[in-house]
């Protein structure tokens, strides 16, 4: 299987903290790859580097065999890489439908940008997309009036509206009430499978990872310390100690 | 055309008719109304920028640029239908050059760079005294309309008519623009500019397009002002003139293309009546009006009118 | 409209009533503008002056003089039995607003005559309007010489001089008082008057005394408050003469900062507008400074035509406003006197009938009328011929501020650009013996 | 270039002296505006009016002190007292108005200050009249200092040479100390840097806002008070002062007092060099400096680039 995205030797340090310290990572076409790791390990940095928001100090990234390092986020999006955000980046003064429609319209050319945003084609596609995410009932609401779960889904829907071949998701379920979490994951799994999109997601919740991922990469101290199918990785004692264990303790602290 | 668009079109035409009627009934107001419409057109451009959350404290630059372009060209080319595109072109071209620079900045930096550039232009008008006559200004000759020389009275009417047509045209255009992805991207910029970039939309270019359009509209406003007062001075470019445009935008309300015109009428009429009532405290009256609008009706005159319209059916039901 | 109110319950009543009021006042405002030959019940005078911004330094004294003189005219029964009423408008907001105000004065207030304005830009903008709207207009204080040199107007005349004689008089005075000066520096405000007055001075100086070196040309921002850098530069340059046509706050600050740093000891100052600052700056302004007041205006004029008139005006003004009158009050008085004389002339020409606007406007052409200090004649081109008084400051015990000595009253006809010529061209034709022919200076008599 | 400097060494020396005193005057007006901007994120257009009213009040109080025959040195505390008074009387009500509109769009807050500017402009006229007001007792009391200039001497006023730069330095040092070493100062810095984080830490933002605004207003008034001995106060002086301060704030970077100091210095020196060597450029110097600085550092001289967390 060829790599859709290939990262080689990525290095990036903020002051003394090495967020990436020689990372090699391949994303295979069609897979759902989870990146797990302790907080502050640099997982989000990876997404930021791939999408052009941060520039690594060394290394290379190729998408479909084409180097994309140094391109602006905008160019990278146009090549077919979209992302969602840990803190959903919605246009808060717009309705959910407008958000989605704007994302749909953003694929268009300049002249289509002069047509009304809410004309037939944009709206039809945006509505259909929101429907797939189960957000139809909320389409008319302003984006700042949604609960966290719906905001997360809308955020991802907007990324998907760009028809990417690679979707990067930064903690798609963080901040969502535990009771809603699995429902969101089910929606996501279904929608992404239907769309046939390759997806990379950073996640802390091992249940989500287990349900969602085809492969898991463990990001620890700026390196990929383990990579493999969820069954293997999540059972690895070292991973449990370094990553999952910490999560458990954090959870215990929060509970106490 | 949607029902709402039709309704707005009817309202706009009715407003135009009212303006003409008032100008016919009260001759001296024709001048004030023409100036108000000219400023309204300029404020339409401010409205676009406000949508993106950016406040330019220097758009008087484009009003003045076009007004001076008209004043310089008028002796050789005294034709309204040529002066208007000329002013729009000059302002638009300078807007493009300046825009390429200022759209990289946001908020205070955006506002202050615009202010700085307009003040530089203001100084240039003073410094090149031999050409511009400084604060004395330049007088425009009588302007022809479609090649016809008109008497002062008819010229006044013609300018008002041109102003109204331009206002209707730009109003309709801005309404369409704001509802298009380009326009929606402006307000999207205000809330989440980074997201736009991650959607492949070049935020700076979205702002640049709006900026150039706003310069063009300010330019058209400037030419109308020049043709109406027939005397241009550097005061057109002073920073308080830019502040006035923002003032009008907020007074009218940024929620609709009607806002700028409501604001401009409100502003000019308040100023005129305040000046007539208390010649040496009109500023204070304007200030108090503005403060009142911000504190009690932050949606501006448009927002006030709309909520009054919304409330009315209920009121009638009760009565 | 009242009928609507009946149907409207609650809050609507108020709204409808307000609406009715609004329309009512608009309609009232638009009443006929065709007031003509019938004698009016009162004579309304629109007066444009600065009531806001830095130029209110002149605008407010102008208004005060108008209020006082209008009261005096009314106390004497008005003009031909008609009481006069001033309607003031503020020039502060700028030309585009002022043009609207001018129209309002004519078309809504339906004034009989307009006094306009302090700002040259306002005068340039409104003179064509005067002809367009056919309303007699007296240019009462603006300085630019361009108005009647560039065009002719039927309805507008100027009841005072203009920049050319005002600046030329000061130059002639310097050429006589300090004939061998070799260098000059200028510190003028950066706006039309500052630039124009320097152009006039420079052109005339190059004709009358070629070869004077211009050591520095400063045009600080209009409204500048800090001149310390300019003062330092001038202290280092030591020009023989320093010219400044600044006025108001700018001039006051410049005088104080120069005095404190002894610049007055190094150079001879020429300040053609300083008469209006004398009382404020007081004896900070040293003796030996050449001062003018845009005309032959000063309460201590050496030879007023009607000494009682000047004394009475000065005294009444001081009593009412507790300050000395300055040149804008004189200019306002000239406009008021011109209005009175113009009406009387027009009424006489009509054998006692009330004149139309056109007849009144015609009466102003060639009119001679008294000023507080002399007589002013309006030339056929509409320009007023006003004498110019220039003097040198001296300190006395009688006043807490400098007074003028070695006063020269220049005859207007000698120093005003002839009809049909442009100032800058005419100044190039002056003959070098001109300073020698000026009247003898008159010393101060306490 | 070195040749030119050698030829003009003496003049350059004078230009620096002039530039320093001008810079001090600019700094005194701009620093309060910058402080307020840092905390409230509002460009206070009424700052110019506070400057003017400060100047008028100082002149009025000073003239009163002199007319009563009180000891001359009292005029200096009078300048300070007038400024504090103006800050205390006008600062809190304006701040209240601004806080009322806090939830609205930023442009509305800006317009609130524009409205206040218009109101205060006329109020000032009603209170103090239109005739230029000067109170030059402090200037005269301190006399002049002769600076050698080749064979010549150039008198400078001691006020310009020592008092203005001195007070500016004391203000700068005092503010720096206050902001770094005191609790309230640190609260102000915290709110300036990150309002949300400061709130989350339990800082009473309302209190900080009130304190900052009052202090900023007093500083504006002090700027006016310090100018009153040399400058003429006339209607409209506020409008002209405020644009210059705007340029300083944008050039300096958000709320950075050191930035305001350096920018004032740049503008002061730039202006005096312009007057010496290219007078026609004088008026546009501040704007040219601003454009140049922002071209190189888009966040202002001392501003920290805002990295948005996404």
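Just so you know, glycine gets a Cβ as well, placed from its N, Cα and C.
The model shown is predicted, which means the values in this text are computed figures rather than measured ones.
Here TrEMBL flags B:5-25 (among others) as transmembrane segment.
Under the heading transmembrane segment, TrEMBL lists B:31-50 (among others). Within its own chain, the transmembrane segment (B:31-50) has Cβ neighbours under 8 Å at 19, 22-23, 56, 59, 62-63, 156, 159-160, 163-164, 166-167, 170-171, 174, 177-178, 183, 186, 207, 210-211, 213-218, 220-222, 224-225, 228-229, 244-246, 248-249, 252, 254, 257, 259-261, 263-265, 267-269, 272, counting only residues six or more beyond its boundaries.
As annotated by TrEMBL, transmembrane segment applies to B:57-74 (among others).
According to TrEMBL, the transmembrane segment annotation covers B:80-101 (among others). If one looks beyond the transmembrane segment (B:80-101) by at least 6 residues along the same chain, the residues whose Cβ comes under 8 Å of a Cβ in the stretch are 61-63, 65-67, 69-70, 73-74, 113-114, 117, 143-146, 158-159, 162, 166, 207-208, 211-212, 214-216, 218-220, 222-224, 226-227.
The transmembrane segment annotation in TrEMBL covers B:108-125 (among others).
Residues or ranges marked as transmembrane segment in TrEMBL: B:155-178 (among others).
The transmembrane segment feature in TrEMBL is assigned to B:206-225 (among others). Non-local neighbours of the transmembrane segment (B:206-225) in the same chain are 34-35, 37-42, 44-46, 48-49, 51-52, 54, 56, 59-67, 69-70, 83-84, 86-92, 94-96, 98-100, 102-103, 159, 162-163, 166, 170, 177, 182, 185-186, 189, 196, 232, 236, 245; each lies 6+ residues outside the stretch with a CB under 8 Å from one of its CB atoms.
Annotation comment: TrEMBL describes B:245-267 (among others) as transmembrane segment.
Note on the transmembrane segment (B:274-297): residues 247, 250-251, 266-267, 303-304 of its chain, located 6 or more positions outside it, place their CB under 8 angstroms from a CB of the stretch. Residues or ranges marked as transmembrane segment by TrEMBL: B:274-297 (among others).
Nonlocal intrachain contacts for the transmembrane segment (B:245-267), taken as residues 6+ away from its ends with a CB within less than 8 angstroms of a stretch CB, comprise 8, 11-12, 15, 33, 36-37, 39-44, 46-47, 50-51, 55-57, 59-60, 63, 167, 171-172, 174-175, 178, 218, 286, 289-290, 293-294, 299-306. The transmembrane segment (B:108-125) shares more Cβ pairs under 8 Å with B:57-74 than with any other stretch in the list B:5-25, B:57-74, B:155-178. Within its own chain, the transmembrane segment (B:5-25) has Cβ neighbours under 8 Å at 33, 37, 157, 160, 164, 167-168, 171-172, 175, 258, 261, counting only residues six or more beyond its boundaries.
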